[in-house]
Every structure is written in structure tokens, then in C-alpha cells.
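Asker: Dropping the structure in here first, questions after.
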Amino acid sequence: MTPQDFYRTLEEDGFSLSSKQKEQFDTYFKLLVEWNTKINLTAITEENEVYPQHFYDSIAPILQAFLANEPIKLLDIGAGAGFPSLPMKILFPNLEVTIIDSLNKRISFLTLLAQELGLENVHFFHGRAEDFGQDKAFRGQFDVVTARAVARMQVLSELTIPFLKIGGKLIALKAQAADQELEEAKNALCLLFGKVIKNHSYQLPNGDSRFITIVEKKKETPNKYPRKAGLPNKKPL
């Protein structure tokens, strides 16, 4: 998929990009490839693969009408090279985006990237989700939390739901069908007062299947969650 194919596909979906937005995606791709030689950001570096597998996939929740171009507070956990939240931010500039990532080198890349792209209302923090999830400045503060290929739902729910306001939504982007994951995560979702409200499948332009699971937070998260860093992964709920 060339950039032109990408823009054409978005136009067919009702999104006509401005010259500025096209330049932002172009700059994003170039910086991604440049920095990937310094730190491990992605195994996908060919232009015709980055546009469908990273950019298109990242904005899928917007294309599927799960997000609006409003000043909602969005947190991206383990965004790595900025996926999915920064492509979302390019398409929907009104989003207020916060990213937490455990690797400081990735935060350095994201900070430079946001400056080069001219993105406003983006915030980057280095650390573990488990630690920030117990910080009152972050806990229960977000309308939406996104996570793309971060962890199985049994673990992911504990890393993300504490950040949500009541009524807020976790949007989890997956490469595999989530049915088995959701079965395993029933206890975790119950303890964290999260309810699955949508389990959606779609296709990338190349025909590959992808999946979006949306979980709504129904009540305040019990104070003991998230547990200490590493425990959610070692001993899932």
C-alpha cells in the first residue's frame, strides 16, 4: 500500500486528509525508519507495509466509528513507536493524548516525533503502568485507554482499567480473535468492574484480519489494583 493508496482508502471511508496531515504521516514514516536503526521500534520498515500495518491499523477504531474528533482524554499504554495513539492524533487533532512507556529511549523518540509533527496536547511519561495506575494524577482520569498488541486481556485489563473514568472505555487492538482471551479474563474483568460491550473484527486493506475489543468501566477500581509492577503478568487475576 503506497501513501497514495492509503489516502485514497481513507477518502473512501469519508476522511479526506489535508496537505498537513499527509506531510505528518510522511514525516512519521521517515523518522520511524531513521530511529529504528538506533533503537528497536518495529520489525516493519517498508513503506508499503508501514502504511497499512501500522498507520491504517492504528486508526481503525476511528474508521469503525468508535472514537469522535473531540477533546477527550486518551491514554495509550505501551505505545512503543506511538501506535495507535499518534496516528489517531494526526487524524483527530482534538484528542488529548498521553502515552506511558517503560523504555526511556522510546519516550525520547516520541517526544522528538511529536515536535517534528507539530502535535499539541500530547504528553509522554516513562515508567510502568502498574505504578502510574496508583498515582492519583492518572488513576480514574481518562475517557479512553488504548493498547495495541500489549498483553492478553487477563493481564491488560489490570494494566488499563484503573486509569479510566467510570463509563470510560478500553479499546484493545488485537491481531488474533479475542474469544479465548475474554474467557480467560472473565474473573479479572469482574474484579475490575469492566464489561465487554463490543468484540469487533475488520480487515486491513491487504485482507489480514484484525480485532477490536471494547471494555467499559462500570464502577471504581478497588484500591489494590493494579498490583505491584510485574505481578499482573506473573500472576494474572
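Note that Cβ sites are derived from N, Cα and C of the backbone, with glycine treated the same way.
Copying in the features that Swiss-Prot gives for the protein in this structure:
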type: BINDING; residues: GLY78, PHE83, ALA129, GLU130, ARG148; note: S-adenosyl-L-methionine binding site
Asker: For PHE83 (S-adenosyl-L-methionine binding site), which residues in the same chain are close in space, meaning a Cβ under 8 Å from its Cβ, but six or more apart along the sequence?
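Answerer: Those within reach of PHE83 (S-adenosyl-L-methionine binding site), by Cβ under 8 Å and sequence separation of 6 or more, are HIS54, ASP57, SER58, ARG148.
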Asker: If I restrict to non-local contacts, at least six residues apart, and a C-beta distance under 8 angstroms, what lies near GLU130 (S-adenosyl-L-methionine binding site) in its own chain?
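Answerer: Non-local contacts for GLU130 (S-adenosyl-L-methionine binding site): LEU159, PRO226, ARG227, LYS228, ALA229, GLY230, LEU231, PRO232.
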Asker: Once near-sequence residues are set aside, which residues in the chain of ALA129 (S-adenosyl-L-methionine binding site), 6 or more away, have Cβ atoms under 8 Å from its Cβ?
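Answerer: Looking at Cβ-Cβ distances below 8 Å from ALA129 (S-adenosyl-L-methionine binding site), excluding near sequence neighbours, one finds ILE77, GLY78, ILE100, LEU159, THR160, PHE163, PRO226.
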Asker: Three states by DSSP: which one describes ARG148 (S-adenosyl-L-methionine binding site)?
Answerer: strand
Asker: Give the number of CB atoms, excluding that of ARG148 (S-adenosyl-L-methionine binding site) itself, located within 10 Å of its CB.
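Answerer: Taking every protein chain into account, the count is 24.
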Asker: Of all the Cα pairs drawn from GLY78, PHE83, ALA129, GLU130, ARG148, the residues the record ties to S-adenosyl-L-methionine, which distance is largest, in Å?
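Answerer: Max span of the S-adenosyl-L-methionine binding residues, Cα based, is 20 Å.
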